[in-house]
Amino acid sequence: MRSDYCGTLRSEHIGKTVSLYGWIDGWRDHGGVIFLDLRDYTGIVQIVADPQRTPESYHLASSLRNEYVVRVEGRVSARPEHSLNPRLSTGTVEVYADTLAVLNRAETPPFAISKDEEVDEKLRLKFRYLDLRRGRMQKLLRLRHRVMQIMRRHLDERGFTEIETPVLVKSTPEGARDYLVPSRVNPGDWFALPQSPQLFKQLLMVAGFDRYYQIARCFRDEDLRADRQPEFTQLDMEMSFLSMEEIIALNEGLVAAILQETMGLELSLPLPRLTYAEAMVRYGSDKPDTRFGLELVEVSEVFRESSFQVLSGAVAAGGKVVCLPVPGAEGITNTRVKPGGDLFEFVTQFGARGLLFARVREGGQVDTIGAFSKSLTPEIAAGMIEKTGAQPGHLLLFGAGDRTAVPTVLDYMGRLRLKMGEELGLIDPNRHNLLWVTDFPMFEWNAEEKRLEALHHPFTAPRPEDEHDLKTARALAYDIIWNGVEVGGGSLRIYRRALQERVFETIGLTEEEARAKFGFLLDAFEYGTPPHGGIAYGFDRFVMLIAGEQSIREVIAFPKTQRAQDLMLGAPSAVAERQLKELNVRSTLPPKTQG
């Protein structure tokens, strides 16, 4: 029976007989005495096998290899002064092995467990059970557990009830694709895996639970990025009878508690806020990284009368001319900004038709090249400098477009801002800026489907003063942003049937479609639905930022690859024809390409 954990032994344990279990982390033979490093999740302790004291243990120790699982019983002793190891928490003691037993042997691992070295990610994911044995991964997953504990404790203390919601639900696709599950007992019908517990948590408010939370598993069949997985975890919350200000304040307290306990970071509350419009105009993003300046500046009026039609034409068409003033940019060559250059190509992949630039020289002279140069009058040059505050050494980068192209212009200029900030070393990795973005548009235009769609989801309430024209309404929505990453988002919800039906109509749902997809919700609104709102946090992403990692795969025990594959299990995989028949499903793929 285990008496102690390896990493917990200290000088005060000297003289104690202990029983330890763990893995062999290292093996050394020094002058006939064998030293073993025994590891468990708490750390490493040195084991001494001395042939003069216990010949049997010494003989067995000589046959051990790394990652063998062993049991050790022996007495804790003080290390000789010459062998003290300040790098170990147990570096003042060692255990003389009186008995030693091998519980299991191990093959040579495909990568070192005890060394914190770079390993190919595919190899790590294939042997994830070994990857998770490494100290770094142990710390990350235990951090994840700790964050979850803090969340639960904080919400429990404030009257929240944790309630689980179903995983087999109705498919109501709005946005990302659903994962579908065929029903064997109802042939031809399908369940979907939930993209969020959104509707269930609203129904729990109808049911009178007042304050709900859940650490929920969610599923989305979408293309993957560094911060996306097909299955992921949310901290999901919903509250009745609270204003937007009260919900934001409650969540600021939650986030502050988590960051203080895990990082020692003291947040200054209340957090700053930006409206969606402000964030887009100043940063070109609805999730702005405010750790550095380099803000966008609208210079439309400067170019309204310009002879350069690219810019004046955009303004005349109700559009904008946007400038990114980049200081200390002497090292950025014209070649990089011209067609074929990396900065030019960077913005074109996000919809830019080109990238104009000008430089501010000593004495305030502004120069550029090509047709833009010919239109650059002294008045326009002076206007550019006055509007942007540019100094000698500044590189001025311009994007422009008509009214319909403004969102695209702001987006690619915002991305260019981030790229320049990273390249010029303007972003302090040790700084943590959190803020709220509010007043999002209710809807955005889907050019492919030629219809409006909900920017967040169609259950978000509009600002009361905007209800008369839902197409241009602002939402009572709020996202919390951390260093340019959205870690949570929520809103006040619609709780009146008539308004919900108007929103469904605005996004192009017929009355019959709305009834088929959401009839249960509309019916619930007839039975005394309270005002309510909530928020959901991307839990994996939140832990990733706390840990200082770059991918959520680092803080998930068994993640999928960016191709949505589990390399360890070999999933997804083909299934037997018999299983498909039981489900009344037939594959249209040729047999050789299935799976």
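Keep in mind that glycine also has a Cβ here, set from the backbone N, Cα and C atoms.
Computed from a predicted structure; not experimentally measured.
According to Swiss-Prot, R220, D221, E222, Q229, G538, F539, D540, R541 bind ATP; the candidate from E164, E278, E486 that the record adds to this site is E486. Within the set 198-201, 494-497, 514-517, the record from Swiss-Prot flags 198-201 under the feature region 'Aspartate'. In the shown protein chains, 19 other C-beta atoms lie within 10 A of the C-beta of H456 (L-aspartate binding site). Helix, strand and coil counts under DSSP for the region 'Aspartate' (198-201) come to 4 helix, 0 strand, 0 coil. Summarising model confidence by region, the region 'Aspartate' (198-201) averages a pLDDT of 97. Annotation note: H456 (L-aspartate binding site) sits in a coil segment as assigned by DSSP.
Contacts of E486 (ATP binding site) defined by a Cβ separation under 8 A and a same-chain sequence distance of 6+ are given as K287, D479, I480, G538, R541, in order along the sequence. In this structure the alpha carbons, written CA, of R220 (L-aspartate binding site) and H30 (site 'Important for tRNA non-discrimination') are 56 Å apart.
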